[in-house]
Every structure is written in C-alpha cells, then in structure tokens.
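One structure is given here, and the rest of the page talks about it.
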Amino acid sequence: MQLTVAPGGRTGGLQSRLFARLDDRLTVDDDRPVALALSGGGDSIALMRMTAAWAQKRGRPVLALTVDHGLNPDSPAWTRFAGEAAQAAGCAWRGLVWTGDKPVAGLTAAARGARHRLIAEAARAAGARVVLMAHTADDAAEADLMRAEGSTLGRVREWAPSPAWPEGRGLMLLRPLLGERRETLRAWLRDQGADWIEDPANADPRFGRSRARRRLAEPSLQDAVPPPEPAPAIRAEAAAGVRFSAEGLAQTRRDIDARALATALVCIGGGSTPPRGERLERLIRRLRAGEDFAVVLCGTRVEAERRTVLMMREAGELARTARADLALVPGAETVWDGRFSFEALAPGWRVGAARGRLAQLPASDRAALGRLPPAARGAQPVLLRPDGIGPVLASPAVRRRDLAPERLRLALGETTHEDDLIAPPWRNAAEAPIFRD
C-alpha cells in the first residue's frame with residue numbers, strides 16, 4: 001500500500017481554509033441551523049469553534065450534537081464538557097444518549113450506527129440539512145489502512161449522504177477538515193488556549209481504529225497521510241441511466257457503472273447497506289454478457305431480458321422482513337419499507353403491503369397494478385381505510401413521497417451544495433404510465 005505525504009502542524013490560514021470550504025457548500029443568511037457532531041475531542045472542538053466564528057459572519061445558527069454512548073463511566077462528564085464548550089462558543093447544543101442493550105460483538109460498528117441515527121434524527125428535527133463532521137486526513141489514512149488489512153469500512157468523503165437510513169434521508173454530511181492534519185488542529189487549539197478531551201479508547205489496541213492509529217504513528221509512516229478523497233467520478237449521467245417509475249420500479253442499462261448499480265439496488269430495496277463483493281461482481285458479469293435472467297440482491301429483484309433491465313422491490317423479501325401495518329399519524333411523516341414516506345391528512349389510516357390483498361383492491365387499482373411486472377405487484381404499498389372497507393392504492397387524505405430517486409441522486413454525488421437539497425414532492429395519487437418521462 002502506498003500512502004502519499006501531506007505536511008501537518010501548520011496553523012497559519014487554517015480558519016480561512018475552513019471558511020472557504022464551508023462557503024463552497026453551505027447557504028448563508030438562512031434560519032435553518034447547521035448541525036455539527038461534537039464529541040468533545042480535539043478535532044470536533046476545533047471544528048465547532050471555527051464553525052461558530054464562520055456562522056456569526058454568515059448569519060447561520062449552529063446546533064452542536066453530542067452523543068453519550070454510555071460505554072465509559074466518564075462519558076456523562078465528557079458530554080457536559082462538550083455542551084459547555086458549545087454554549088461558550090455561541091452554539092445551540094443538545095445531548096443525545098444511546099440507550100438499550102449494547103452488543104458484545106461488533107460494538108464499534110453498532111456505536112457508530114447509533115451515533116449516526118441519533119444525530120440524523122436530531123438534525124432533521126431541528127430543520128438542518130447538513131451535518132458537519134470533524135474527520136481529518138489522519139482519519140482517512142487510518143480508514144485506508146484498515147481496508148488494506150481487510151476491513152469493509154467505506155471511504156471517508158468530504159460530502160456524502162448520512163449513512164443512517166431512513167433516519168438520515170435528505171441529510172448530507174460535510175467533512176471540511178478532511179484535508180487537515182490532526183496535529184494542526186491541536187496546535188491551533190493550543191494557540192487559542194482551548195481544552196479538549198482525549199478518549200482513552202483511541203489508544204485501546206482492542207479496536208481496529210486504534211491499531212491503525214498506532215501503526216501510522218511509526219516513524220516510517222508518520223507523515224504518510226493521503227489527500228482528501230476526490231468527488232466521485234460518477235456524474236449526472238449515471239443517475240440519468242436509472243429511470244424510476246411512480247411505483248418505485250427502475251429501468252437501467254446493461255453497462256451501468258458498478259457503483260451506480262450497487263447504490264440503485266440498495267435504494268430500490270429500501271435497505272441501508274449496498275451489496276459488495278462476489279455477488280455484485282457476478283451480477284455485473286451477467287449483465288455485461290447479455291444473459292437473460294432474474295436474481296434477487298439486496299432486497300431488489302433484477303430482471304434482465306434482451307436490452308431491458310428492470311429493478312424492483314422483491315415482494316417475497318418484503319414479506320419476510322416487513323413488520324405489521326404502520327399507523328399514520330396526521331401531520332407526521334412515516335417511512336414505509338425504506339422506500340416511501342406517507343403523511344395522513346386525517347386520522348385512522350394505515351399503510352401495508354399489497355401482497356395478500358390484491359384481490360381486495362378496487363377494480364381500477366387492480367388494473368393499475370396489472371401494468372406492473374407480476375413480481376412487483378405484491379411489494380406495492382396500499383392504504384387501509386379507517387372505515388375498514390378494503391385497501392386502496394391512493395387517497396386524497398394521504399400524501400405519498402417516493403424516496404429512492406432522490407436518495408440515488410444524493411448518493412451518486414449529483415448534489416454539491418446545501419441549496420440543492422430539496423425534498424421530493426408529495427403526491428396524492430399513483431401516476432401512469434410506468435417510466436413516464
């Protein structure tokens with residue numbers, strides 16, 4: 001593995017560089033807060049203090065969010081320290097707690113997932129569209145080293161969707177310090193006379209991240225840190241190669257880019273983890289070879305016939321994983337199967353799967369579903385009316401939003417600025433025909 005060299009330790013111009021990166025991505029003079037993940041460590045304290053200065057000049061409120069994972073007896077004190085530091089810098093602050101049972105195996109990944117979920121929920125509730133994260137060039141180097149040794153940890157990108165799904169829908173993460181060294185930030189904090197927390201877990205050899213950090217501290221690798229990951233090479237034409245229907249189906253080409261295909265599969269299936277490895281590679285080989293086939297991957301059914309490739313939610317997989325019908329609370333958004341969100345305008349409505357209810361639908365709804373491939377029909381959502389009379393596909397009393405197209409667009413890097421983060425429109429009735437332009 002070859003790592004490139006980036007010098008560290010220079011604080012001159014640090015704040016100006018951060019301001020420029022924030023200006024490149026964020027809106028100015030907006031009442032919406034910019035959310036910021038604040039652990040209390042040196043990286044996040046530096047980011048918070050500099051962001052607070054930027055926000056005062058640009059007319060933006062900042063909401064700092066601290067997660068207490070409950071994994072260290074000192075974590076309540078760390079949380080209090082973070083809150084006091086945020087408030088002293090002029091930021092709003094909220095403490096969040098990871099409750100419930102903690103797994104013995106995979107604790108680090110579970111804690112990371114819980115942190116993203118809690119932060120996403122709090123950020124969305126406050127109206128934020130972007131969450132700032134304090135990852136540095138050192139973090140990117142550690143992740144690269146861990147991947148080289150077999151970890152499935154993803155690449156750290158400056159601008160990427162929240163990995164929490166569906167909690168983080170429509171929310172972007174911005175890592176404006178990804179081009180800076182960790183020691184540069186600490187030198188800046190020392191110049192400011194600021195304190196920060198050193199988490200002992202960062203030096204605990206039980207954790208892969210700590211082992212990578214120790215390895216990179218060796219003299220031969222001490223300055224070996226990669227530059228920030230560039231924006232993905234996939235551009236607008238990648239998502240344009242995936243055409244969505246109003247019913248959540250998608251059509252694509254056999255030569256679709258591998259990353260775009262993996263992302264489309266997880267978006268259409270409503271899950272949170274895109275496929276990797278041999279199963280994805282085998283699917284790509286079969287598409288390139290021109291085979292006719294049907295296969296299920298990542299909860300998505302892929303049907304390839306001649307030049308047509310259809311992707312749809314697998315109804316059988318939905319039946320195995322779906323919970324009971326979801327009650328819709330008037331005025332509140334409810335996500336169903338990770339693919340659609342609903343908002344009722346009147347009480348009593350529920351949403352569930354069409355599977356097992358097709359014969360109960362009105363004739364017009366059965367005709368509408370008849371235009372879909374047979375395998376896709378049972379995975380369609382249906383609304384259950386409060387009067388108890390049969391399910392329906394749509395009602396003026398319930399609004400519906402298709403999440404997959406916007407999710408794919410964000411994941412493939414088509415949105416580069418906060419101004420472009422616009423939620424997909426609500427609609428009240430199914431649209432036709434399939435794959436309307």
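Cβ atoms are placed via backbone N, Cα and C, with glycine included.
Because TrEMBL annotations are produced automatically, they should be read as predictions rather than curated entries.
The domain 'tRNA(Ile)-lysidine/2-thiocytidine synthase N-terminal' annotation in TrEMBL covers 34-214.
In the three-state DSSP reading, Gly42 (ATP binding site) counts as helix. The local packing around Gly42 (ATP binding site), expressed as other Cβ atoms within 10 Å of its Cβ over all shown chains, amounts to 23. Positions annotated as ATP binding site by TrEMBL: Ser39, Gly40, Gly41, Gly42, Asp43, Ser44.
Marked as region 'Disordered' by TrEMBL: 199-231.
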Counting other C-beta atoms within 10 angstroms, the emptiest spot among the binding-site residues Ser39, Ser44 is Ser39
What mean pLDDT does the predicted model reach across the domain 'tRNA(Ile)-lysidine/2-thiocytidine synthase N-terminal' (34-214)?
90
Cβ proximity for Gly41 (ATP binding site), under 8 A, sequence spacing 6+, ordered by residue number, returns Ala134, Trp196, Ile197, Glu198, Asp199
Which same-chain residues, if any, lie at least 6 apart from Gly40 (ATP binding site) yet have Cβ under 8 Å of it
Thr66, Trp78, Thr79, Phe81, Ala82, Ala85, Trp196, Ile197
Around the ATP site formed by Ser39, Gly40, Gly41, Gly42, Asp43, Ser44, which additional residues qualify by having Cβ within 8 Å of the site's Cβ center?
Leu38, Ile45, Ala46, Ala134, Trp196, Ile197
